[in-house]
Amino acid sequence: MYHTAFLDLPHLATASGSVQLPGSKSISNRVLLLAALSQGTTVVHDVLDSDDTRVMLQALQQIGCVVEPAAVVAGQPLRITGIDGFLPNNARGQLFLGNAGTAMRPLTAALAVLGGNFEMTGVPRMYERPIGDLVDALRQLGCKIDYLKDEGFPPLKIGQPDFSQLGSESIKVRGDVSSQFLTSLLMALPLLATEQDITIEVIGELISKPYIHITLQLLARFGIAVKNDNWQRFTIAAGSRYQSPGDIHVEADASSASYFIALGALTTGANGQNGINVLGVGKDSIQGDIRFVEAAQAMGAVVQSGPNWLHISRGTWPLKAIDMDCNHIPDAAMTLGAMALFADGTTTLRNIASWRVKETDRIAAMANELRKLGATVQEGADYIRITPPASRSDWTAASIHTYDDHRIAMCFSLAAFNPAGLPVRIQDPQCVGKTFPDYFEAFFSVTQPSEPAPVICIDGPTASGKGTIAAIVAERLGYHLLDSGSLYRITGLAASRAGIELTEANAQAIADLVSSKVITFLPDQQVLLDGDDISLDIRTEQAGMNASQVATFPAVRQALLQVQRNFCRLPGLVGDGRDMGTTIFPDAPLKVYLTASVQCRAERRYKQLISKGLSANMADLIADLEARDARDINRAASPLKPAQDALHWDNSDSTIDEAVQQVLTWWEQRQPFAPVA
Ligand SMILES: Nc1ncnc2c1ncn2[C@@H]1O[C@H](COP(=O)(O)OP(=O)(O)OP(=O)(O)O)[C@@H](O)[C@H]1O
Ligand SMILES: Nc1ccn([C@H]2C[C@H](O)[C@@H](COP(=O)(O)O)O2)c(=O)n1
């Protein structure tokens, strides 16, 4: 997941390949709660690991469930031992539920019926998301729920219920604000339907029926039969008791599939490959958002499907504008809003009032951000109408505000395929953590830029601070990092270990040797050579001198050329070395030549070596630095020198932060985005 302040997507040209989607959020959180309420242990496979499931799992452990392991571990199922319909004595506490509607609402209902003493809290946006209709319905039953802040909204305090007045009348709940209210009652009331039937009656039109369909399907898996009378009355039979189904698999998220379905519809592939394969969800899905496929087809996508896979390719182009009632696919419909940017006219998405009370006011948010890109947008209480930019020149490079809403971030990634060749900036990309933490990694794995991904080159003499500055700049931008010096250090070390003398006569043998090695770069500057950890061995001054020696051999430089260029991948690269800007990435949009005085560099290197527990003395260091500088500058092959278009920075008197800021400022000056107001 990207934790950067923003993520710049370069202009993208083509897309092809396969994406394995993460588990569905809606199914994950329902299954987790049902398992928690059940008798027995449920083994849950493929649970989504995201912000919303994390808060749910934490809360379930607080109410007394045993969860093993305590959090989702990739590739491992979760074992949940439920409470069998009863809270432990004196169950109480504060449950923090972030911005997860799929946790706040069902847990409120279940705990209000079970009768714990809990405070239900979350992030500020959660306190703007209505829950009053659910609370009213629960109070009809005798549940005790108080508002801790604003009437009708979390945070809430749940106390002991009094069911002595419980009669045979049906429980009434509004169906036109959020289907999560009905889902919450459907999951909580089996706990009360031990001796009598319980009927829920929906007031107003029931929105998002597909989500109720998921709830009913999953209740059935946990042993609860519900009679559905025309989506207006739901009767839970007397004698209900949650029973673990044993093993259960969470299918992949159909809403998350929408971005890749759209991607297939928008793009052509490169190198003879065509289309996008979406794995983990297909035509047998129980999720309503799978019907996004029909909407995408209406806009021109060509879709083939199997039980749990989809293959999508471009059909009609430009896409066809549509006028569609999207009530059945409220979440995935946002993706249609992004697709509308590529349509042949005005697209209208109707019956989407629920967008206004989601993670943010999604109608307003989509309208604002689409306008930034150049679209003409009209919004109403329950609709949005989008006309794409009239021509290429009407597109603008936009910095997309994401409102802490994962779907806004994912939708607007598609705008990077604009016909104007513009990049797109996604602010706060980590908001995708709510449902699809590795969304951008998946997106980059199947997309290709129209130009090579952007590279920032930082060259300069030894100990000038290149490596330090490059690493921080890369981290701030979410870019890959190439420490090219380490490749020469590895080469020198490999040759020495193989007993090859570092002479010109052995240059080809050394080049062949390094080409035959498996070099692995791990986080935290860890480097493996054929599986051996050589991270410290390559950092000695001797290793630096050896590197400088082998770096004079053209055969070695040639062997490492493509290795270095292969580091240039989406979303971009920061490369540090001696010839990044002159030889390896001559077309890089930013080249920095970083220097510092010899005395200053020697002092820094001294401190660096001592802090690593390596021995050093200043006089030797100065001599070594000067010798290394001389060799690097005077060698014939790709000598150390500033590229003609490099910007120079002497950082003898600046801090690391100042140097980083300078590079980032230069980089920002090259971006087309308007400054954030
Ligand atoms: N502006 C700065 N102020 C103070 N210390 C710095 C500054 N820049 C870098 N340093 C420190 O100097 C040391 C050397 O920096 P670094 O290893 O990044 O240099 P380098 O140019 O990459 O060296 P080499 O080419 O040998 O790999 C590090 O300990 C780093 O923390
Ligand atoms: N692009 C590069 C990077 C490094 N070298 C050589 C010259 C250096 O003295 C040696 C070690 O580099 P360091 O890790 O200190 O940055 O490797 C080069 O020729 N070209």
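Cβ atoms here come from the backbone N, Cα and C positions, even for glycine.
In TrEMBL, annotation is done automatically, which means it is predicted and not curated.
According to TrEMBL, the active site, proton acceptor annotation covers Asp331. A sphere of 10 angstroms centred on the C-beta of Asp331 (active site, proton acceptor) encloses 27 other C-beta atoms.
Annotation note: Gly101 (phosphoenolpyruvate binding site) sits in a helical segment as assigned by DSSP. If you draw a 10 Å sphere around the CB of Gly101 (phosphoenolpyruvate binding site), it holds 23 other CB atoms from the protein chains shown. Annotation comment: TrEMBL describes Lys25, Gly101, Arg129, Gln180, Arg362, Arg407, Lys434 as phosphoenolpyruvate binding site.
Around the Cβ of Ser208 (3-phosphoshikimate binding site), the number of neighbouring Cβ atoms within 10 Å comes to 22. In the three-state DSSP assignment, the secondary structure recorded for Ser208 (3-phosphoshikimate binding site) is coil. Annotated 3-phosphoshikimate binding site per TrEMBL: Lys25, Ser26, Arg30, Ser178, Ser179, Gln180, Ser208, Asp331, Lys358, in sequence order.
Around Lys466 (ATP binding site), the same-chain residues at least 6 positions away in sequence with a Cβ under 8 Å from its Cβ are Ile458, Asp459, Gly460, Asp576, Gly577, Leu594. Lys466 (ATP binding site) carries a helical DSSP state (H, G or I). According to TrEMBL, the feature ATP binding site maps to Gly460, Pro461, Thr462, Ala463, Ser464, Gly465, Lys466, Gly467, Thr468.
Per TrEMBL, domain 'Enolpyruvate transferase' is recorded for 16-442.
Residues annotated as domain 'Cytidylate kinase' in TrEMBL: 456-666.
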Those binding-site residues in Arg129, Gly460, Thr462, Ser464, Thr468 whose CB falls under 6 A of ligand 2, listed in sequence order: Thr462
DSSP state at Arg30 (3-phosphoshikimate binding site), helix/strand/coil: helix
Per-residue Cβ crowding (10 Å cut-off), top of binding-site residues Lys25, Arg129, Arg362, Arg407, Lys434: Arg407
Distance, Lys358 (3-phosphoshikimate binding site) to Arg129 (phosphoenolpyruvate binding site) (CA atoms, angstrom): 7
Which of Thr462, Thr468, the listed binding-site residues, has fewest other Cβ atoms within 10 Å: Thr468
Same chain, 6+ residues apart, C-beta under 8 Å of the C-beta of Gln180 (phosphoenolpyruvate binding site), given in sequence order: Gly101, Thr102, Arg105, Pro106, Leu134, Tyr211
For phosphoenolpyruvate: widest Cα to Cα gap among Lys25, Gly101, Arg129, Gln180, Arg362, Arg407, Lys434 in Å: 19
